[in-house]
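Data block below; observations after.
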Amino acid sequence: MNDTTAKTLNCSPASRDGFPETLGDFGRTRVDLPVVLVAGPTGVGKTAFAVELARALGSEIVNADSMQVYRHMDIGTAKPTPRERSAVPHHLIDIVDPDEPFDAGDYLARARPVIATLHEAGKVPIVVGGTGLYLKVLTRGICAGAPGDPDVRRRLIEEELTLGLPALHERLRDVDPPLGARIHPNDRQRILRALEVFHHSGKPLSYWQRQHRFEDAPYRTLKIFLHRPREVLYARINDRVDAMMAQGFLDEVRNLLAMGCGPELKPMQSLGYRQMARHLRGEMSLDEAVNEIRRDTRRYAKRQLTWFRADPEYRWFDAADTHGLVARIVRETPDLHDNRLR
């Protein structure tokens, strides 16, 4: 690595629409192992940008989307197309079946060795996804002390069906006020996880999080967040849902149900799959299911924006000019290519 990259990342909110310094000034740590993180809300265009960047840098992509790890769930998770995956090697896609437990700890255990292998090969890993928790544990470690229990989780899911998610969120606010205030009332997975930890351990998840000491950053990271104007993003989300339906999303869910993937499985409770399964069970019309997917996807995108706004290390860029951004990365970060890691 050359000495021009030794400055510490300094990204203030006012600088998020562009670089306050050169790209070569991204954060250096004790361990000089560069990683590019590409985040953004669902539908913004992360995959296309990451493929273009990986080709320009002669690198490979590491998935950081919590749903793309599952086999047989392709359309609803918007996995990279066969053409994109043939253009650039992708890692951590299709690695577990829908009935296999998989969480942030499992992701960390899988991702770190892949990144190490790419570094050994002289390549800069490009980690891509919108799952903020996966990106966070990759760079900061994980709160491993918070215990969970599958039986408690199943009981909570049953309560959700009878009482509704708002009632569970209100309970969370009672038993864990700090976390209940931070978690959005529609953030189903985090509500269930927090209540699971509380009912199993007798202590709120915020207690376990306070016990965790974040590790020193193991990588030198360039954190890129792609965004678009809200009306543009929402239009892209609506178009994506329409495209999913045209590609056979309903049949994909029907096949998963035929394979024995019931509503109790975490992947089947996710956005899109939950609504299609409810339609197939006769609980809502197809139009109702599609409209709910559109609405909930827009809400999910809004939560993603809120999550990443809280991390000042991400540099925000309009996804409409990804070609220019790739060219700038290549021009201003010479240590990220030309086999400089060898």
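Positions of Cβ are set from backbone N, Cα and C atoms, glycine also.
Per Swiss-Prot, the stretch carrying the note region 'Interaction with substrate tRNA' among 84-88, 139-143, 189-193 is 189-193.
Looking at 45-48, 65-68, 77-80, the stretch flagged in Swiss-Prot as region 'Interaction with substrate tRNA' turns out to be 65-68.
In this structure the alpha carbons, written CA, of Arg154 (site 'Interaction with substrate tRNA') and Gly43 (ATP binding site) are 31 Å apart. The CA atom of Val44 (ATP binding site) is located 14 Å away from the CA atom of Thr131 (site 'Interaction with substrate tRNA'). In this structure the alpha carbons, written CA, of Thr47 (ATP binding site) and Thr131 (site 'Interaction with substrate tRNA') are 14 Å apart. By neighbour count, meaning other C-beta atoms within 10 Å, the densest spot among the recorded positions Lys46, Arg154 is Lys46.
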